[in-house]
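> I'd like to ask you about the structure that follows.
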Amino acid sequence: MAAARVEYIAPWWVYWLHNFPHVDLSLRQKSPDFNPKDPGYQQTLLFVALIVALCAAVNLLFVSVYLICLCCCKKEDETETKKTSSCCVTWTAAVSGLLCCAAVGIGFYGNSETNDGVYQLTYSLDNANHTLAGIDSLVSNTNFKMKEDLDKHLFRLNEIFAARGDYVQSLRFMQQMAGNIIQQLTSLPNWQGTSVNLSDIARQTSTIEYYRWLSYLLLFISYVVICLVTCVGLAKKSKCLLLIMLCFGLIALMLSWTSLALETSSAMGTSDFCVAPDKFIMNMTHDQITTEVVHYYLYCSQSLRNPFQQALTVFQRSLTTMQIQVQGLLQFAVPLFPTAQKDLLGIQLLLNTSESNLHQITALLDCRGLHKDYLEALIGICYDGVEGMLYLGLFSLLAALAFTAMVCAMPQAWKHLEARDRDYNDIDDEDPFNPQARRIAAHNPNRGQLRSFCSYSSSMGSQASLQPPAPTVSNAPVAEYMNQAALFGGNPRYENVPLIGRGSPPPTYSPTMRATYLSMTEEPSSIYSNVFPA
């Protein structure tokens, strides 16, 4: 056993939690001593949980009032606040997401610490239960051998040595020593009830801890999923995802406060036990085990007297006396009564087995083994266990703050998306620079489709037979352009009018270029006149 663990000293956070006021539901001060069967003490733990529940109610009331005010407030100058609101929503979502991730990280550590502490507690309880069960098994086995097996051998030897009074007297003395051994073994504590209680406590604690650990693990995963889906909803500007995550955020907020209430009351009750665990154990076992025995195992000091020393000493002396008697009978009686050798050797083997059991009982009854299990159980639950519960409480508090900010930010994001859609829908559909009109024009073009030029290259004769109609000059583009120019206070420039529909080439062409241009446009003029009507 490590020297640092010889004496148990409760950590400072245990005293910090233990010094909290213990008030019952009638607001009266109660003793902080751990007594889970006392209704008054149960009310003190319930009062702590109700304080946390009151904080949760205030938090939910604040969120509700904020959401109602946000929905009912009149729209002010949105154009001035839209950019600020969008930036605020972004930063709030980012901070709440980081806070939630930090809370989940702290929660993972706290959950692991609590699980380690409870595992160490159950492991120590199992070891102590194994020790006590071993003592009971050895004591019952030795008692059975002394009562049943030894009596059978002595009965047959009495018949063999009936003619020798001195040998019969030795057998009676051995019977008396066996009675002393049985009496001393009976005086030892009966650990059967205690071992059963330890086994039940270890099994129930292990089962509860497994479901607690699994529940927190699922809670961590759900919190991370809510944060990720909320970020996806904000990135994709999805109102449906934001609405769903708003509902899940409220549920997560209530779960955070609920877990905080459970963790606070559990940590406070465990701290009350860890401040004075020996006092509680002595009160619980006073009707099963003597106070001297419990005190011997709880403190295990060299200055304390071993309460089993006298019984074990009598046991050892009685065995030694019986072995001396058997050795004498083997030496002097067997030559006279050869048939007695088998029973005497059987008694000798029984005494050797009983001596081996005595050494094992002495080792198991020593306080160092059970005291080590006791210290390890205390360190597991009072150090790792309570520390883990404090970290879980911090996780719940940070998660509650994160989801409060997230729930308050999502309606702002909703309003921002609604304002964006409303501004988008208010754009004039006839505006040629409207992005929506551009998309509609791209997907549903209204202009005529250009015919393939390959269809006109099938036969030159058919092209030659086509006579181009006389080009009709349309003044519609010119008039439209002039109207637009006059509207904006400018002078119309005919040079900027498109060349579609004009029969003459540009005035800047040279005569050679003009002749080339006319020769190239004579035949396909009918084609272009159909494709691009004037």
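Cβ from N, Cα, C; glycine included.
Dumping what Swiss-Prot says about this protein:
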| type | residues | note |
| --- | --- | --- |
| BINDING | Glu113, Asp116 | Ca(2+) binding site |
| DISULFID | Cys274-Cys382 | disulfide bond |
| DISULFID | Cys300-Cys367 | disulfide bond |
| CARBOHYD | Asn129 | N-linked glycosylation site |
| CARBOHYD | Asn197 | N-linked glycosylation site |
| CARBOHYD | Asn283 | N-linked glycosylation site |
| CARBOHYD | Asn352 | N-linked glycosylation site |
| SITE | Arg164 | site 'Essential for the formation of the channel-pore' |
| TOPO_DOM | 1-44 | topological domain 'Extracellular' |
| TOPO_DOM | 66-87 | topological domain 'Cytoplasmic' |
| TOPO_DOM | 109-213 | topological domain 'Extracellular' |
| TOPO_DOM | 235-240 | topological domain 'Cytoplasmic' |
| TOPO_DOM | 262-388 | topological domain 'Extracellular' |
| TOPO_DOM | 410-534 | topological domain 'Cytoplasmic' |
| TRANSMEM | 45-65 | transmembrane segment |
| TRANSMEM | 88-108 | transmembrane segment |
| TRANSMEM | 214-234 | transmembrane segment |
| TRANSMEM | 241-261 | transmembrane segment |
| TRANSMEM | 389-409 | transmembrane segment |
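A description of the local structural setting of each listed feature is requested, covering burial, neighbours and distances.
For Glu113 (Ca(2+) binding site), other Cβ atoms within 10 Å of its Cβ number 20. Secondary structure at Glu113 (Ca(2+) binding site), as computed by DSSP, is helix.
In this view, Cys274 (disulfide bond) is surrounded by 25 other Cβ atoms within 10 Å of its Cβ, with every protein chain counted.
Sequence-distant neighbours of Cys367 (disulfide bond) (same chain, 6+ apart, CB under 8 A from its CB) are Tyr296, Tyr297, Cys300, Leu304, Asn306. Classification of Cys367 (disulfide bond) by DSSP places it within a helix.
In the three-state DSSP scheme, Asn129 (N-linked glycosylation site) is classed as helix. Here Asn129 (N-linked glycosylation site) comes close to Ser195, Leu198, Ser199, Ala202: these same-chain residues lie at least six apart in sequence, with C-beta atoms under 8 angstroms from its C-beta.
Asn197 (N-linked glycosylation site) counts 16 other C-beta atoms within 10 Å of its own C-beta, drawing on all protein chains shown.
Asn283 (N-linked glycosylation site) counts 14 other C-beta atoms within 10 Å of its own C-beta, drawing on all protein chains shown.
Here the Cβ of Asn352 (N-linked glycosylation site) has 12 other Cβ atoms within 10 Å, regardless of which shown protein chain they belong to.
Secondary structure from DSSP puts Arg164 (site 'Essential for the formation of the channel-pore') in coil.
Summarising model confidence by region, the topological domain 'Extracellular' (1-44) averages a pLDDT of 85.
Residue counts for the topological domain 'Cytoplasmic' (235-240) under DSSP, helix first, then strand, then coil, are 4 helix, 0 strand, 2 coil.
The list of residues near the transmembrane segment (88-108) in space but at least 6 beyond its ends in sequence, with Cβ under 8 angstroms from a Cβ of it, reads 216, 219-220, 223-224, 226-227, 230-231, 234, 391-392, 394-396, 398-399, 401-403, 405-406, 408-409, 412-413, 416.
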> Roughly how many Å separate the Cα of Arg164 (site 'Essential for the formation of the channel-pore') from that of Asn283 (N-linked glycosylation site), to the nearest whole number?
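One finds 57 Å between the Cα atoms of these residues.
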> With the transmembrane segment (45-65) as the reference, which stretch in 214-234, 241-261, 389-409 has the largest tally of C-beta pairs below 8 Å?
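Going through each listed stretch, the top one turns out to be 241-261.
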> Taking only the recorded positions Asn197, Cys274, Asn283, Cys382, which one has a CA atom nearest to the CA atom of Glu113 (Ca(2+) binding site)?
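So, of the listed recorded positions, the one sitting closest to Glu113 (Ca(2+) binding site) is Cys382.
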> For Cys382 (disulfide bond), which residues in the same chain are close in space, meaning a Cβ under 8 Å from its Cβ, but six or more apart along the sequence?
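Correct list: Ala10, Pro11, Val14, Gly117, Thr270, Ser271, Phe273, Cys274, Pro277.
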> Cα distance, Asn283 (N-linked glycosylation site) to Asn197 (N-linked glycosylation site), nearest Å?
15
> Just the number: how many Å between the Cα atoms of Asp116 (Ca(2+) binding site) and Asn352 (N-linked glycosylation site)?
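Distance (Cα to Cα, whole Å): 43 Å.
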> The topological domain 'Extracellular' (1-44): which same-chain residues, six or more beyond its ends, come within Cβ distance under 8 Å?
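Apart from its flanks, the topological domain 'Extracellular' (1-44) reaches 50, 267-269, 271-277, 279-280, 368, 371-372, 375-376, 378-379, 382-383, 386-387, 390.
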> State the three-class DSSP label for Cys300 (disulfide bond), counting H, G and I as helix, E and B as strand, and everything else as coil.
coil
